[in-house]
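J.: I'd like to ask some things about the structure below.
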Amino acid sequence: SDRPARPSGGRPARSYDDRPQRRSQDDRPARSFEGRPAHSDRPQRRFDDRPVRDERPARAAEDRPRRSFGDRPGRSFDEGSARSYDQRPRRTEGRPARSFDDRPRRSSDDRPRRTDGPGRSDWKAAPKAHDPNVDVVHERLEAQSVVAAAVEGQGFGDLGLGQNIVKALAELGAPSPFPIQAATVPSILEGRDVLARGRTGSGKTIAFGAPLVENVLRAQAGTKREFGRAPRALIMAPTRELALQIDRTVQPIARSVGLFTTQIYGGVPQARQVGALKKGVDIIIGTPGRIEDLVNQGKLDLSQVEIAVLDEADHMCELGFVEPVQRILRRTAPHSQKLLFSATLDREVAALVDEFLRDPAVYEVAGETQDSGTIDHRVFVIDHRDKGEMLTSLVDRDGKTLVFARTRAYAEMLAEAFEDAGIAAVALHGDLNQARRTRNLQRLTDGKVQVLVATDVAARGIHVDDIDLVVQADAPDEFKTYLHRSGRTGRAGRRGTVVTLITRQRRRRMTELLGRAEIDAPFDEVSIGDDLIEEVAGRQLADVTG
């Protein structure tokens, strides 16, 4: 080795003579036990103090007198007279006959008149068990229905929107209003609070986005736009994807009149968002979590917000955002305008309606049942062993397909299985960072992939108009989840199909779920290679090409 050898004489020898040698064992004094007291110093114990057991008096059984059972006289049952039941007077004797004429006749007018609508305690109560579809909010607040035929021939300009906004809407592909838009825009422009219900894909974003921009523009008329100004409008969504999708629609409308928007959501560094707020914005679009964080940090001022919007209000409540939303809305300007839009409005949003909406205008589109004519609903009853191969057969097509999975792990597994089968697919779930989620969704929008496998929470932000097939690999547990899933297809008047895969054991539960969702869907026993699978994929392909 490279290390030189140690010379044997380099270290001095160890000497054991440094310690002084003990000369004798007598150097240490001997141990002595004489200092310890002897055991004999303790007095001896005596056992003679206790009397001998024999000195106790013996117990004699003869001291107690012998018991005699003849001392008690015998019991006789003949001493009392026999009981007679005939001695009691009859009940009718001496009692006057009852007269029913003494009571005054009851008049139905004595009861106070019942009000037409239920009280506040009534609409807060849970819906009746026999009617699971009761819409508590709409039961309390009478909704104004809008018939689709009533808005034919109307334009956005007829609703009160400015020409620049009308032009921007036309560029977005909305030359004329949908029923929900025609219903809500005039009321929003008047400054009223609005509670609107419309099927997913019915155009709710434009319904609140266009009049919101118009109202902010009118409020700023004649004032100089200052650097670092506080926002005047706030739009909240339950997920980041939905917030970004709303911004893609609202931003061009706002830019057409010189207003600025910014997105505030979690999952990304807040430096860029704080920088935009310092420059000054007019409309904020974001999620409640990050919005409240910036408010608590003192970097976001909501005191000048005159219009606040809640999109997907029911899902906001399901995710536990009720209290953060309440705290945020309380920080807005007093008597600010509140708009609630959602596909379903039930008792979960009753607390928000009760606290924040003042005499709201309530709208829903007449005849717009969830069993929409643009969507074909089907349920495939399959063997669980065939599920993977059947999913691959369904998504192997040219049109865009959205597959719903219950868990993030299953979504990733399906996406990898589709890729292995030669089908371009990506996953969308909460474990992905925001950049990758945005990129995967954009790949579907651009047509670079044909299949997107998503979980329910992540799919809330999917607004791709040309998805024509939705496959539910895992059946939903709630009817509202089914409605939101199926709303990803059949948008803007296009055709679409929703296929749900279930096993035979789940058939009864699925029937109840569809009944609550007011959807009529046939149940088909399907196995690998059946023509029905090819029919679904082939018909979708024909719709796309046609």
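Using N, Cα and C of the backbone, Cβ positions are placed for all residues, glycine too.
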J.: Could you check which of 154-182, 212-240, 241-269 is flagged in TrEMBL as motif 'Q motif'?
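T.: Of the candidate stretches, TrEMBL labels 154-182 as motif 'Q motif'.
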J.: Could you tell me the mean pLDDT the prediction assigns to the motif 'Q motif' (154-182)?
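T.: So the average pLDDT across the motif 'Q motif' (154-182) works out to 90.
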J.: Report the DSSP secondary-structure composition of the motif 'Q motif' (154-182) as helix, strand and coil residue counts.
T.: 17 helix, 0 strand, 12 coil
